[in-house]
Amino acid sequence: MISSRFSKVISWAYLIALYGFIFLPVIVLVLFSFQDGRLPVPPFNGATLKWYGEVFADNRLMAALGNSLMVAIGSSLVACVLGFCAAYGLARFVLPASRLQRGILIAPMTVSYLIIALGLLSTFNWIGISLSLWTVGIGHVVINLPLCFAIIYASMGDHQKNIERAARDLGAKEWQVMTQVTAPMLMPSILAAFFLSVTFSWDEFIIAFLLSRFDVTLPVEIWSLLRSGLNPKTNAIGSVVFLFSIALLLVLELLVFRRTAKK
Amino acid sequence: MAAASLEDQENRKAWGFVTPALLWTICFFVIPFIVMTAISLATRTGREIVMAWNFDNYITFFEKAHLLKGLFVSLEITFTVTIISILLAYPLAWIIAERVPQKWQRMALILAVLPFWTSYVVRSYSWLLVLAKNGVINNTLIWIGVIAEPLEMASTRSATIIGFVHFFVMLLTLTIYANLVQMPPNYRRAAADLGANGFQVFWHIVLPLTLPGIMVGAFLTFVLCIGDYITPQILGGNNELALPQIIMLQLGRRADFPMAATLSIVLMGAVTLAYIACARWLKMERT
């Protein structure tokens with residue numbers, strides 16, 4: 001009896017300690033973004049929204065935020081469409097060397113972002129393509145395509161095959177089957193792939209840093225803010241970035257997982 | 001005859017679906033990788049890159065102590081982070097799977113990985129707030145009078161490791177939890193019925209069954225950790241450079257593309273070795 005109660009206490013203490021460790025930096029970040037003072041460290045002088053005001057008045061930060069949204073949504077759309085088509089082709093047809101094809105599509109997942117970025121940078125330099133948000137977008141599609149492909153491919157089961165066959169027997173053309181039968185059936189996993197891609201692209205730094213020049217994304221702009229050391233304004237924009245990612249996940253949870261769980 | 005042409009038609013359709021994604025990956029991943037490998041065999045003279053097709057850069061890597069040290073620093077940090085993260089994450093995943101009531105488990109798990117979704121840059125900056133010379137820990141400790149002088153915590157290897165462990169504890173908790181809940185409870189009940197005590201059940205039944213999950217998580221940790229530039233740069237500072245920091249230094253200040261490419265290939269080699277080791281081990285476990 002004593003030992004079981006003891007182990008219970010230990011368990012809960014451990015749980016609380018680790019949650020504390022996991023949340024400590026986030027709480028510090030968000031709390032001191034409201035700091036009424038020049039330094040985002042204790043003691044806490046009182047709450048103000050001044051730094052958020054400064055963030056939203058900062059043209060460079062706002063431009064970077066817009067760029068990040070554009071790159072994230074654009075690259076995720078491309079990655080999802082390409083990934084969906086490839087998954088459809090590989091799951092529904094018999095192709096030669098399909099294992100190799102799957103291997104190539106998944107390969108970028110196993111390589112560090114730094115190496116992907118460096119490879120693209122060397123190639124763009126070599127061909128003479130100048131760096132812009134487009135090149136960042138290309139890089140983000142490279143890292144998100146394997147993810148989208150894997151998620152959508154994994155959800156293509158055999159039971160959907162029969163429904164597709166029925167549609168085809170009733171005279172639907174291939175693209176009609178794909179867009180009006182397969183895609184709606186797989187919508188939860190397509191949405192999951194899309195929102196995950198958006199979060200990854202939104203948070204990604206090294207590819208965006210190496211492949212952009214004048215217009216940059218938000219993580220790169222925050223990186224250049226870091227040179228000024230600890231600053232409540234950096235806390236404020238960091239909190240905004242964090243809250244946006246959490247909002248995306250919340251949408252994902254409510255829209256996708258809840259619905260599939262109910263089914 | 002008709003059947004063959006129908007098959008041809010089907011085949012062409014299938015290729016039409018797969019080709020765009022394949023082309024994208026080949027153009028923007030496979031070819032760049034080949035280009036980078038080729039550049040690692042070139043030399044830099046002034047600002048020009050001359051294709052020399054030799055292994056001089058690789059020889060330089062093994063001869064120059066500060067370059068080689070980067071690899072060892074990275075490996076040391078990565079191994080330390082992987083081990084600490086597993087040791088911290090396993091009990092957490094276990095407690096969530098065993099002690100937390102069923103209906104709260106999903107919530108507990110989502111909470112445990114929430115900060116996972118902050119970008120590397122923001123997460124590292126947050127840890128800087130905690131660990132800096134005038135940061136949260138130092139100011140608090142001075143305020144309550146435990147120490148008089150601030151502790152040096154930022155710009156050390158420990159800071160890098162703390163930043164990494166924070167991230168990978170969340171990742172590993174997810175993979176280990178997934179493994180724990182998949183395990184049929186009968187195995188443990190059977191072992192207990194046969195007289196095993198709690199520790200024996202864990203050591204002989206639970207741990208071996210969850211090892212594959214640990215290995216997958218450990219491999220992910222290894223790949224993400226060894227290739228990361230942000231965490232060592234922001235938290236570790238410039239006292240001791242990890243391999244990605246040296247790569248970025250070659251790119252930035254020295255504009256030495258061939259050397260940066262060489263170091264990246266070395267990095268990639270380390271990851272591949274880890275992958276082979278992991279795959280071998282998993283295969284051995286299965287047979």
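A Cβ is built for glycine as well, from the same backbone N, Cα and C atoms used for every other residue.
No curator has checked TrEMBL annotations; they are predicted automatically.
In TrEMBL this protein carries:
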- A:65-252: domain 'ABC transmembrane type-1' (DOMAIN)
- A:12-34: transmembrane segment (TRANSMEM)
- A:69-91: transmembrane segment (TRANSMEM)
- A:103-127: transmembrane segment (TRANSMEM)
- A:133-156: transmembrane segment (TRANSMEM)
- A:177-202: transmembrane segment (TRANSMEM)
- A:236-257: transmembrane segment (TRANSMEM)
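Here the transmembrane segment (A:12-34) touches the transmembrane segment (A:236-257). Their Cβ atoms form 3 or more pairs under 8 Å, with each pair 6 or more residues apart. Sequence-distant contacts of the transmembrane segment (A:103-127), counting only residues of its own chain at least 6 positions beyond either end whose CB sits under 8 Å from a CB of the stretch, comprise 86, 135, 138-139, 142-143, 145-147, 149-150, 204, 206-207, 209-211. Within its own chain, the transmembrane segment (A:177-202) is flanked in space by residues 68-69, 71-73, 75-77, 79-80, 83-84, 88, 140, 143-144, 147-148, 151-152, 154-156, 160, 163-164, 167-168, 218, 241, 244-245, 248-249, 251-252, 255-257, 259-260, which lie at least six positions past its ends and keep a Cβ under 8 Å from the stretch.
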